[in-house]
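Peer 1: What Swiss-Prot records for 38, 39, 40, 41, 42, 43, 44, 45 is ATP binding site.
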């Protein structure tokens with residue numbers, strides 16, 4: 001005869017408090033979106049920052065977590081340098097950090113930003129082993145006062161390493177946006193990132209092609225510097241959505257130096273592309289979740 005085994009009450013086998021806090025917090029985040037790339041140098045963080053700003057410009061409450069512990073630059077791209085981070089102490093003795101917010105003089109709904117780049121000097125490297133990186137990411141998820149969010153954007157480091165596994169095992173992602181450029185070497189690694197998200201059973205996966213083309217400032221002709229159509233072909237091959245192309249924008253460097261997302265820096269081709277991509281993403285996620293409500 002087979003009987004049900006009794007429940008064991010062994011100290012240390014329960015859910016640790018940090019994991020429990022993460023689970024409680026993610027209930028308040030309507031959509032959790034990862035932004036990743038198979039390789040570096042494709043403008044992944046630029047996409048994450050501008051997607052965040054575009055959603056906030058549409059009136060949504062958005063938070064962005066920089067999960068690139070060794071190369072954090074999200075804060076700088078939002079105009080936030082090394083700064084004091086304040087925290088609140090709770091009754092059980094744990095502390096939660098208060099994330100800085102930016103609204104660019106009221107242009108957007110206040111964006112909550114958290115990055116290791118705020119906590120260490122710009123020229124100081126973070127030399128941590130995997131276990132410390134894992135703990136840091138979990139703390140940025142669970143020990144920050146994120147509050148209610150329509151969108152939680154998580155900017156992953158390039159590749160398919162531990163940081164991604166930590167996040168995917170900690171929260172249930174709603175979408176993964178994989179960033180590529182038209183170059184063959186980028187497309188090869190992008191395919192690996194797409195397949196990783198498939199194995200992680202992320203419900204919605206899409207590709208964005210960054211640095212897709214350049215509009216000549218003199219003649220207005222379109223120049224395909226890195227090739228043409230690679231991102232769209234990859235998305236079709238992998239059976240995932242293609243959200244759009246973002247052109248090389250000469251004003252992007254100027255905006256970046258000022259700590260302003262290009263989507264908030266005038267009516268430029270890249271700004272238009274990011275707004276269109278954000279609208280497509282919102283509509284797709286509402287369709288998947290059966291939520292037709294407007295913000």
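Cβ coordinates are placed from backbone N, Cα and C, and glycine is handled just like the others.
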Peer 1: Mind giving me a neighbour count for residue 41 (ATP binding site)? Other Cβ atoms within 10 Å of its Cβ, every protein chain shown.
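Peer 2: For residue 41 (ATP binding site), the 10 Å Cβ neighbour count is 12.
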Peer 1: Taking the mean position of the Cβ atoms of 38, 39, 40, 41, 42, 43, 44, 45 as the ATP site, which residues outside that list, in the same chain, have a Cβ no more than 8 Å away, listed in sequence order?
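Peer 2: After dropping the recorded site residues, what remains is 37, 158, 179, 181, 186.
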Peer 1: Mind giving me a neighbour count for residue 40 (ATP binding site)? Other Cβ atoms within 10 Å of its Cβ, every protein chain shown.
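Peer 2: If we count other Cβ atoms within 10 Å of residue 40 (ATP binding site), we arrive at 15.
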Peer 1: Let me know the DSSP-derived helix, strand or coil state of residue 44 (ATP binding site), please.
Peer 2: helix
Peer 1: I'd like to know which of the binding-site residues 38, 43 has the most other Cβ atoms within 10 Å of its Cβ.
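Peer 2: Result of the Cβ crowding comparison: 38.
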Peer 1: Could you say which of the binding-site residues 39, 44 has its Cβ with the most other Cβ atoms inside 10 Å?
Peer 2: 44
Peer 1: Any same-chain residues 6+ apart from residue 42 (ATP binding site) with CB under 8 Å of its CB? Would you list them in sequence order, or say none?
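Peer 2: Correct list: 158, 179, 180, 181, 186, 210, 211.
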